[in-house]
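Novice: I am attaching a structure below and will ask some questions about it afterwards.
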Amino acid sequence: MSNLSRKLLICIYLPLGYFDLKIQDKTVSYIAKEAQNRVNATFLNEEYNVTLPKEENTGTLNWSPAQQSWLFSASSYGSLVATILAGYVSDRFRPKIVITLAVLGMSIMTSLAPLLAGIHYWAFFFGRTIQGISGGFLFPAGCALASRWFPMNEKSTLAAIYGSGSGLGGSLVPMVVAFLCTSSMGWSAVFYPFGVAGFVYVGIWVFFVSNNPSNNYFTSDKEKEFLAKEIDFTGNHDRKHLDEGATNFPWLRLFLSPVLLANYACQFSFQFTQTVMQLFLPMFFRDHLGFSIKENGYYTTLPFVLNVVMGFVWGLVADFMKNKKILSPKTCGKVCQTIDCFGTAFAMMMLYFLPTVETPGRALPFLIIYGLCFPAGVGGYFTSLLSICPRYSGTVMSINRGWGMASHLGTPMLMTFLSHLGLSSKYLILFGLASFLQVFAGVLFLIFGDLEIQEWAKHVPSSNQISVEIGENGETVEKSTR
């Protein structure tokens, strides 16, 4: 297998893991609801003396709405717990092992889901929680592994491909569930194919993928040397550093470094804006523009389709400009992030002020602008997160994910609070705050943003790995002994 195909395999396999996570997670949620609906339908028809075949465990799955609500949240709580440790574990130990165990945990719980549902509600809840914990380790570990395999000039494309797994998995669930539920096995048939797919994924992953190029049997020595130079944690072009786990974590830098704070601000604004557009844009169109459900579907689908397509485009364009030295990595990142933040802020404000009930079509060009600009961040802050401290990429991604989760959870709470106050300007506040956060994050990134590895993030050999020799002129010379 060629070096290009080896990296391509890893590049494809990373989002497939995230795809598997999303589709297994969403499948459980859909099936829990499906099972509840079938239970109700069976009981309703029995009242009218209509005999319908009962599914196995029908009585056990008669869960209340409150139980279902907790069930849907179980994986999120598990993922939140995992986020605290996932990055540290991925950087400290081998990310390949972390990913293997994460996918195994998800696949086992998915395969056992029908059995757990038949035992008791809390057994199923426990399985969902374990699935969430396993999934919480996947993204930081994937980023930690990617930082060992992909040089600077390929990371924007990698970021675009990696991020596509989540959206693809979520979008395919309804179609897959609808098809499999019609089989003779009923709703339980949905779990087994994806559980098996996870085990197959692990088998291929363990055989072909390594923690880094230096210990991969399928990568040539020439490619190993090239990647060791391009992915240089130390500044001394030594490839052995790629196989070492991080030991001394610069925690203060990881939380408070200006360049990372700029990235965290971008993530917070990104997640806030995305949540507003996903959850509240349809409500805004309905309340202010009088859109029907059909019109709402057309208008709100457009920007998200553009987001997926343009994510790949921006990743390729950013890496092309870096490879051809049209722009330096730092400048390229700032250009991409500026387009993202300021273009999105402009589109958000125009979406609020210009369209009216009489002229709803005015929303269309600004939805297009949003769809074109918003994913440009893949070449900006997201590439920066993968690049500036590759030895601690997993930890950085965990911290970054924490900022994103806080924003994602806080946005609906803010809308609920504004609605409780009865403010007629609640949408103005929501769209205005999203625009402000985008501009604020964009300014921070213009000032502090960087895509080059930071000095504090370069690996320095520990004291027991240093030897002292006497030079020709009698001076003391320190040398690494690893």
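From the backbone N, Cα and C atoms, a Cβ is placed for every residue, glycine too.
When I checked TrEMBL for this same protein, it listed these features:
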- 10-452: domain 'Major facilitator superfamily (MFS) profile' (DOMAIN)
- 70-90: transmembrane segment (TRANSMEM)
- 97-123: transmembrane segment (TRANSMEM)
- 129-147: transmembrane segment (TRANSMEM)
- 159-180: transmembrane segment (TRANSMEM)
- 186-208: transmembrane segment (TRANSMEM)
- 261-285: transmembrane segment (TRANSMEM)
- 297-317: transmembrane segment (TRANSMEM)
- 338-355: transmembrane segment (TRANSMEM)
- 367-390: transmembrane segment (TRANSMEM)
- 402-421: transmembrane segment (TRANSMEM)
- 427-448: transmembrane segment (TRANSMEM)
Novice: Select the range from 129-147, 261-285, 338-355 that forms the most Cβ-Cβ pairs under 8 Å with the transmembrane segment (427-448).
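Specialist: It is 261-285, which has the most Cβ pairs under 8 Å.
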Novice: Who are the chain neighbours of the transmembrane segment (70-90) in space, where the CB to CB distance is under 8 Å and they lie at least 6 residues beyond its ends?
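Specialist: Result: 25, 28-29, 32, 63, 98, 121, 124-125, 128-137, 139-141, 143-145, 249, 392, 394-399, 401-402, 405.
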Novice: Are there residues at least six beyond either end of the transmembrane segment (338-355) with Cβ under 8 Å to its Cβ atoms? List them, or say none.
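Specialist: Tertiary neighbours of the transmembrane segment (338-355) are 266, 269-270, 273, 276, 281, 284, 288-289, 361-363, 366-367, 369-370, 372-377, 380-381, 427-428, 431-432, 434-436, 438-439, 441-442, 445-446.
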Novice: Do the transmembrane segment (129-147) and the transmembrane segment (367-390) share at least 3 Cβ pairs closer than 8 Å, excluding pairs fewer than 6 residues apart in sequence?
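Specialist: Counting Cβ pairs under 8 Å (6 or more apart in sequence), the transmembrane segment (129-147) reaches the transmembrane segment (367-390), since there are 3 or more.
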Novice: Which whole-number mean pLDDT does the model give the domain 'Major facilitator superfamily (MFS) profile' (10-452)?
Specialist: 80
Novice: For the transmembrane segment (297-317), what are the same-chain contacts with Cβ under 8 Å, counting residues 6+ beyond its ends?
Specialist: 156-161, 163-164, 167, 277-278, 281-282, 285, 291, 336, 363-364, 367-368, 370-372, 374-376, 378-379
Novice: Answer yes if the transmembrane segment (402-421) and the transmembrane segment (97-123) have at least three CB pairs under 8 Å among residue pairs 6 or more apart in sequence, and no otherwise.
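Specialist: The answer is no, given that the two segments have fewer than 3 Cβ pairs within the 8 Å cut-off.
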Novice: In terms of Cβ proximity under 8 Å, which residues at least six beyond the ends of the transmembrane segment (367-390) contact it?
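Specialist: Same-chain residues near the transmembrane segment (367-390) but 6 or more away: 143, 146-148, 150, 152, 155-156, 158-160, 163, 231, 233, 253-254, 259-260, 262-263, 266-267, 270, 273-274, 277, 299, 302-308, 310-311, 314-315, 317-319, 329, 332-341, 343-344, 346-348, 350-351, 396-397, 400, 441, 445, 449-454, 456-457.
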Novice: I need to check the long-range neighbours of the transmembrane segment (261-285): which residues 6 or more away from its ends have a CB within less than 8 Å of a CB in the stretch?
Specialist: 291, 295-296, 299-300, 303-304, 337, 340-341, 344, 348, 351-352, 360, 363, 370, 374, 377, 380-381, 384-385, 388, 396, 399-400, 403-408, 410-412, 415, 427, 430-431, 433-434, 437-438, 440-442, 444-445, 447-449
